[in-house]
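These features come from TrEMBL:
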type	residues	note
COMPBIAS	1-21	compositional bias 'Polar residues'
COMPBIAS	24-38	compositional bias 'Low complexity'
DOMAIN	87-492	domain 'Major facilitator superfamily (MFS) profile'
REGION	1-38	region 'Disordered'
REGION	494-524	region 'Disordered'
TRANSMEM	85-105	transmembrane segment
TRANSMEM	125-145	transmembrane segment
TRANSMEM	152-169	transmembrane segment
TRANSMEM	175-199	transmembrane segment
TRANSMEM	211-232	transmembrane segment
TRANSMEM	252-272	transmembrane segment
TRANSMEM	308-327	transmembrane segment
TRANSMEM	347-367	transmembrane segment
TRANSMEM	379-396	transmembrane segment
TRANSMEM	402-421	transmembrane segment
TRANSMEM	441-461	transmembrane segment
TRANSMEM	467-487	transmembrane segment
């Protein structure tokens, strides 16, 4: 018999529909079962006859089905919800808002230095605090995500992002730099509640044929926020000498972002739900039933680090993303060094990097959904990043900004496309482990290398100039490309499933039962 959790009911109070799974009481699972990364199954769960599965700390906190080892198992009907697009778009928007606040200081580094009377290194730390705070908070927030689910974490992240934006409005005097630091720290904490969400939203809300595209859209918002953060601050905050006028211009920027953050927080309250009424994929349906009691973050991390391909991917991802963080943080300083007074053009170069990256992210997502050529695509994008960085290094001091725009665009297309690809590649290599843990380790690697690269390149630039600093990044990108070549594409998921029926999650049970997906015993 199947014992259903009382929490199986959706928020509207309508029980989820299930279709009977006709099979032998002793479930045997074949390795070829196609499932999505959201399925979290400890290796100790036996996949042979007489196996049983129970609740897991790595499974969804509600809507779980506990199969009995002596009875048949029910799988929910597979259907995607139209709400999924609203959920991913709202997430993408408040991620965009948070990313804007990350880069808004660095994009006009020299102006904030003059206003607050602090060093360039102090302004750099307003960016690096995002990276630093993420490291100790990764596992606690990952646990909260597993414990309380998507809606709670989305509310927490958007609320903190909103609070940090309003706190910054109290820092509009030159002696109030500590207040702006406090506001930025709050936004940094919000970021921890944001970065681990894309792969989880994709797996919980989207069908197997859409997960890479959905993940790309979720990451897309973060990149768009960085793009706006490069473009808008130099326009809203001109480099004027009068402190009162400068404070006025800064206040306009702070008020706009606080208003946007507040609106997005309200939208999160309205739009976000924990999960759709029907699972969007066979894997998501199975995740309600297949889990183990002894799974834990520590044991999951240990298993992941025994996977050599995953370890290599974590390192190469960190090198790539760390180079992107350093380049974004120090871009204005590099451009102003060779082109004094060109703050607006520095912002446009940053915009070029991110817009090209957004294009690369979308193309990569669509390409991977169709081909699953993770290893080949990863290596091509890494080599493109290296070539673009080498070109940028050699052309920055030539006096032609249009050439810098082209090389920066090459960097952006490849480096951001890789950032999206990396998450899905990791899920493929670590299938049956929680994507929250694997993506968290990815982001931690990126933050660690980002801090190291930003500090090191900043110091090299200050002492030896921009070219040695860029060569420093090229060396590590070369190392990353070499290590990528040694990654074996040991993909653990099967080909994409048949596209599920799309429909409103609020449909009556009698209507939604027209196209059930029944998994026969021989599929296991």
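Yeah, the Cβs are placed from backbone N, Cα and C, and that goes for glycine too.
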Subject >> Result, the transmembrane segment (308-327) in contact with the transmembrane segment (402-421) (3+ CB pairs under 8 Å) >> reply: yes
Subject >> Spatial neighbours of the transmembrane segment (441-461) far in sequence, C-beta under 8 Å, 6+ residues away >> reply: 120-121, 124, 127-128, 130-132, 134-135, 138, 195-196, 301, 304, 314-315, 317-319, 321-326, 329-330, 333-334, 337, 422-423, 426, 468-470, 472-473, 476
Original post:
Other than its close neighbours in sequence, what residues sit by the transmembrane segment (252-272), given a CB gap under 8 Å and a spacing of at least six beyond its ends?
Top reply: 83, 86-87, 90-91, 93-94, 97, 100-101, 104, 150-151, 154-155, 158-159, 161-162, 165-166, 168-169, 172, 232-233, 236-237
**OP:** Quickly jot the same-chain residues contacting the transmembrane segment (125-145) by Cβ under 8 Å, restricted to those at least six beyond its ends, or write none.
**Re:** 102-103, 105-106, 112, 152-153, 156, 180-181, 184-185, 187-189, 191-193, 195-197, 200, 297, 325, 328-329, 436-437, 440, 443-444, 446-448, 450-451, 454-455
**OP:** With the transmembrane segment (211-232) as the reference, find which of 85-105, 152-169, 175-199 contributes the most Cβ pairs under 8 Å.
**Re:** 85-105
Original post:
Can we call the transmembrane segment (175-199) and the transmembrane segment (152-169) in contact, meaning three or more C-beta pairs below 8 angstroms at a sequence separation of 6+?
Top reply: yes
Subject >> the domain 'Major facilitator superfamily (MFS) profile' (87-492) [mean pLDDT, rounded to integer] >> reply: 84
